[in-house]
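Here is the structure we will look at, set down as C-alpha cells.
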C-alpha cells in the first residue's frame, strides 16, 4: 500500500514539475519577461525545497513519515493553486500587432502608406504605461513555485528511506525502480496536459478566437497555462489522502512470519524509544553529518550529481524552446513530441534497471561499473545531435537581406531597404508575415504590402514591393515553414534523444544503488537528503538562471511593450542557440567522468557498509553492536554465514 501511495505521490509531484517546465515559454510571453528571469522563477522551486530538505531528511525518520509526506502533498497543491492566480487577477492578454482585430481594418493603416501616419506607434500616455505594472504578477508564480518546492521536500528522502528500511535488500532496487517509473509517468501526463493547454488560447471563452491574427506557432501566442495548474493542485491534494492512514513503521519484508524476529524487533524499538527520550532527537545529527562529509565515495558521487544535474536541468528546461526555435515547431507540438519520444524509453529503462539489479543480484561495485559505462555510451551518442541542424529562419533585415542573402549579424539599420523606406513603418514591431518567395518579414508594412483581403488569421497581403517574384507578390500572417529537410532533421534528433534517454535511464538505478549502499544504514535518510540539498543548491537553482541568460544573449529581436520597453524575445539565432543548448551540457558532463573513474578505482580497495568481505554479498541492514545476541539475529536474518564465520567476519 505504501509503495502504491508513494508512487502516486511521485506521479503528482513530477506532474506538477513537468507542467511547470513546459509552461515556461507561455509564462515568459504572458508577463513579457526575459528568459533569465523565467529561469529564476523555475529555480525558485529548488529554493523552497532546500529550505527544509536537510532537516526533513533527518528529523523525518524520527517522526511519522507517511503523514509528513501527506502534508507535503497538500502544500504542493496550495502552491499550484497560487501559481494560477495571476490569470484571474490580470486583464486580457494583449499581444503586439500592427493589425488591429478590434479596429477598422478597411483603413489599411497597418500597410505601406507613403507619407502616411501610422497609428500603431508605442504610446507615451502615462495612464497607459501604468497598466504595464500587471507584469509584476509573475511574483505570484514565483511564490507559488517556492511553496510547491517546500511541499515536495519530504516525498523523496522519506519515501525512499521508508522503502529501504522495510524492504528486502534484494527487492529494494526493484521497488525504487517502480517509484522512479511513477516519476516518469507523472511527466508524461504533465507534458500531454501542457501540450493541450498550450494549444488553447489563454483567454479562451472571453475573446473571440476567430478574430485572432496569431496561431500556436507564433512566438506571441500564449496558451491556457493557468488551467493546468488548477488540475495539478487538485491531483496533489487527492494524492495526500492515503498517507494519513498508513502506519509509522512496518515489519521488515520477509520476516513478518518469524515470531522471534518480530519480538526482538519490538524490543529493539522499545529500547530506541527510551534512548530517544533520554538522549534527545538531535544527538546523532552532527556525527552523521561528519561521517557523510568524510566519506570520499559519497562526496565524489555528490560532485558527479551536481555536474550532471547542471547539464540535464538545462537540457530539460529549455528543450521545448529549442525545438521551437531550431525546428520551427509550436510550443504545443514541441511539448507533445518530448512526451512521446523521451518519457516512455526512460520509463522502460528504469524498470529494466531495477529488474537487472534484482535478477542478477548485482553488487555495488558491479552497479558502479554498469552505471558509469552506460552513461559514457549515452554521452558519446549525444555528439551526433550536432549534426541534426536547421538553418536560421529567413527574416528580411534580421537573418537575411531583402535580396535573400544570408547575413551573420543583426544590424538595426538593415531593417529598412529601398523598397520600404518611404512606407513610414515601425522598425521594432513584431508582426511577421511570410512572402510567397519563402522569405519572412517583420511586418506587412516592412514587406512593402499595399493592400489586404480577408480578416483574422486568413488575411492575405498583396502588392508587396519587397517581395521579389515573377508573378503577383503576396504574403500571409506568420513566419514561413522551415521545410521538409528540417522536419526530417527533427525526426532524427528525436529518435537519437529517445535512444539516449533509454540508455541513461538504464544506468540510473545501478547508480542510485551506489549512493544508497556507500553509506551506513542509519545515515541513509540524511545522506539522501544531503545529496538532494547539494544538487538543488548548486544545480537546480543556478542552472536555469545562467543558462537562461546565455539563451537571452542569442536573441535577435525583442518584443515591444506599449511604452516602448522590451518584452519577451521573438526570434533567436538558432545557430548560437544550438551551440549553447548542446555544447554547454556536453562540456559539463565530460568533466563529471573524472570523479566517476575515481569512484571505480576506490571501490576496488574499499569494503562498503553491510558488504560481505569474501563475496561482496550485501547483508541485511542491521545495526551491529558487538553483542552475541545481535550477531545471532544478524546471522538469522542474513542466511549467508554460519556462526563461526559470522563472528570471524565481524
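Cβ coordinates are placed from backbone N, Cα and C, and glycine is handled just like the others.
Since we're looking at a predicted model, the values are computed, not measured.
Listed ranges 454-478, 579-603; the one TrEMBL annotates as transmembrane segment is 579-603. Range with TrEMBL annotation transmembrane segment, chosen from 417-441, 492-516, is 492-516. Which of 175-202, 259-286, 623-650 counts as transmembrane segment depends on TrEMBL, and there it is 175-202. Of the candidate ranges 297-319, 334-356, 368-389, 492-516, 579-603, 297-319 contributes the most Cβ pairs within a distance under 8 Å of the transmembrane segment (537-559). Secondary structure of the domain 'Kazal-like' (413-468), assigned with DSSP and counted as helix (H, G, I), strand (E, B) and coil, comes to 5 helix, 11 strand, 40 coil.
The largest share of C-beta pairs under 8 angstroms with the transmembrane segment (222-246) comes from 67-85, of the ranges 67-85, 175-202, 579-603. Residues 3, 6-19, 22-23, 26, 30, 87, 93, 159-160, 163, 167, 209, 212, 216, 221-228, 231-232, 330-333, 335-336, 338-339, 343-344, 346-347, 350-351, 353-355, 357, 505, 508-509, 512 of the same chain lie 6+ residues outside the transmembrane segment (175-202) yet bring a C-beta within less than 8 angstroms of a C-beta in it.
If one looks beyond the transmembrane segment (67-85) by at least 6 residues along the same chain, the residues whose Cβ comes under 8 Å of a Cβ in the stretch are 6, 9, 12-13, 16, 20, 48, 56, 60, 140-141, 143-155, 158-159, 226-227, 229-230, 232-237, 239-244.
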